[in-house]
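As given in Swiss-Prot:
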- Arg95, Lys99, His101, Asp121, Asp122, Val123, Ala124, Thr125, Thr126, Gly127, Gly128, Ser129: 5-phospho-alpha-D-ribose 1-diphosphate binding site (BINDING)
- Thr125, Arg153: orotate binding site (BINDING)
Amino acid sequence: MGFVDGFSAFLHSSGAVKFGDFELSGGGRSPYYFDLRSVPSHPHQFRGMIRGLLDSVISEVGLDRFDTLASIPTGGLVVASALAIEAVKPLVYARAAAKGHGTGRTVEGIVRYGARALIIDDVATTGGSVIRAAESLRAAGAIVTDAFVVIDRMEGAEGRLGAEGIKLHRLAGALEVARSLHAAGLIPGDVMRQVEGRTR
């Protein structure tokens, strides 16, 4: 069994991927929903996910091609924190908005001018949160050319990020997960076709 097949089966059995009718944070509705916030409650599978992510980062980007990991609270920060430990890389995170107190920074952590930052998030839908993080990081002097997500819902994030000069990488795509689950007999064909109808 390949990584995506095993990971997909775990997402399904743990309830981290659900099929039905869900409202997304952007206001739209979807026949499927990924909630990776529950994955750290399963330490063995969480470790496997982080190791799979590290292997993908090494093969697709290269540890020598970035200086720091940068994440987006809250879902992505848990993933990036574990990945930073495994990769032995510094970690910063970009807020959606500056705090109204303290330093008022939008980026927390040390960002050296000219540092190459690899953005890490849990799930990408349209790419909006990654774009906002990249804007904050670039304003702080970082260079952002790549972003890595655990799950790409495949609903336009890749194209939007590409227009911003950011290549999107993923551990798995929504369609890969659905096809794997269908092949394993865990979801019916009509559910898989609903996913196929939304992804691009």
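Placed from the backbone N, Cα and C atoms, the Cβ positions cover glycine too.
Owing to the predicted nature of the structure, the values given are computational and were not obtained by experimental measurement.
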Please determine which of the binding-site residues listed here (Thr125, Thr126) has the lowest count of neighbouring CB atoms within 10 Å.
-> Thr126
Round to the nearest Å and give the CA-to-CA distance linking Arg95 (5-phospho-alpha-D-ribose 1-diphosphate binding site) with Arg153 (orotate binding site).
-> 22
Near Arg153 (orotate binding site), which binding-site residues out of Ala124, Thr126, Gly128 have their CA within 10 Å?
-> Ala124, Thr126
Taking DSSP three-state, what's Gly128 (5-phospho-alpha-D-ribose 1-diphosphate binding site) in: helix, strand or coil?
-> helix
Which residues does Ala124 (5-phospho-alpha-D-ribose 1-diphosphate binding site) neighbour through Cβ under 8 Å, counting only same-chain ones at least six apart?
-> Val130, Ala147, Val149, Ile151, Asp152, Arg153, Ala157, Leu168, Arg170
Per-residue Cβ crowding (10 Å cut-off), top of binding-site residues Arg95, Arg153 = Arg153
Which of Asp122, Gly128 (the binding-site residues) has the most other Cβ atoms within 10 Å?
-> Asp122
The correct three-state DSSP answer for Asp122 (5-phospho-alpha-D-ribose 1-diphosphate binding site) is strand
